Amino acid sequence: MKNLAVFGTASDVGKSVIATALCRIFSNEGIDVAPFKAQNMSNNSGVTPDGFEIGRAQVVQAEAARVVPTADMNPVLLKPNTDTGAQVVLQGKAVANRSARDYFGNTRPWAEAAFESLRRLQAAHDMLVIEGAGSCAEMNLYDRDFVNFKTAEAADAPVILVADIDRGGVFAQVIGTVSVLPPEAKARISGVLVNRFRGDISLFEDGVRFLEEHSGIPVLGVVPFFRGFSIDSEDAVPLQTIVDPSGSPDPGKISIAVIYFPHISNFTDFAVLEREEGVELHYLHHAKALDGYQAVILPGSKNVRGDIEWLRQQGWESRLEDFRRNGGVIAGICGGYQMLGRSIADPYGVEGVPGRTAGLDLLPVETVLQQEKTLCNARGVMSGNGYSVHGYEIHMGETSCHGDALPLFDVTTRNGIAVSARDGVMTSDTKVFGTYFHGVFDAPLFRHWFFRQLSASYTPSERTEDRDEDYNRLARHVAAHLDLDKLYRIIEK
């Protein structure tokens, strides 16, 4: 078993994307490779074909590796639902809510489960690409950190250290990280990868020499900043995303606003909208007049009742009511769907203190949060026009309709099993709708229907979505700037 670990000098340095590229590079070489991340902290999750919840990044990496995603690829998933707490998903199933103090007070049970999953993956595949978490040198948590060097040790994996030059301070990132690590951890780092370089790489040759001389570790590559692929991000809305942009929406484009909740989840639902020609997508946190926007989307949330109270405090409720009266389209996905209804009840304290919170009353539905989470990949058709739709469901709520509304989707399969069910509702004028389907905008016919609600002159672009080619494009880009011969020698050593 030959493994490779990809660690970072900090969060958001590009570990997930580099790991994704390596999964595809190794798969293209005919290697049976799979991704692994012992613990992920993210509200951006996905559902495996057998109905387990893992981080979205590991779903993407499994696709790049051409293997079926499983719960073992991300055995511990922390989904923040307050500023200091999170829901713990263990090997694909939600098991508890924990404060940060409680969780980190004793990580041994979580580590044992993670290493159990690691052993199963090692038995099932020839190679693992192991992604670390955050900075691999958080010394205040080092003795409790089982995601980075303890996992690398358990898998006997050499480590590539990824640093982000785009944010500045790359020398301090690398040399500082290496200098604080204990000798046995430093000895496991076999190479450095400088990520997101802009400009003429030849001008960084002195920088490479400086890094190698002062860290004692070879630089395996300098990867230029690259926008030529569309791959889901891991944790939160990417740092380069502008929230509350200045200026007004472009009158020459279809303009869509996504409300940026404090506990926003599954923001990758909207990546496909951003890539559409003639469409602009803005994330809005602070309440503002919605003039110039054709649609507003309420995304998923890991704390629906808390986020709807925040929405009211920010002044969004009256803005949305005005937008509705003026004929704007309002959509809700998962938690956003629940918010559009009349009420959200939490009798079991799933998201915190038990209670009931009034919704926005834009759809005649009511939601009750349950103790068991619904996890499935689903397919169906739009009610009325038969357009094919697909998505994945991750929710604690059960939502029922108590008034005059049209069904949105007829669900035909869940996790590959035939069903006869309905999901979502919309108003009779089709201006307000909600669904539990994450990823539904990835369904072309539904996406085109949505755009036609916003602009009668909309015509679909000729660009086709090809995720597999995106992975190949990413792999080619990284491989072109990485010393693969040296990397393979490190792995085989």
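Here the Cβ of each residue, glycine as well, is placed from N, Cα and C on the backbone.
Feature annotations, reproduced from Swiss-Prot:
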ACT_SITE  CYS334  active site, nucleophile
ACT_SITE  HIS438  active site
DOMAIN    253-446  domain 'GATase cobBQ-type'
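There are 27 other CB atoms within 10 A of the CB of the residue listed as 'active site', with all protein chains counted. Note on the domain 'GATase cobBQ-type' (253-446): its mean pLDDT in the predicted model is 96. In this structure, the residue listed as 'active site, nucleophile' belongs to neither helix nor strand by DSSP; it is coil. DSSP assigns the residue listed as 'active site' to a strand in the three-state reduction.
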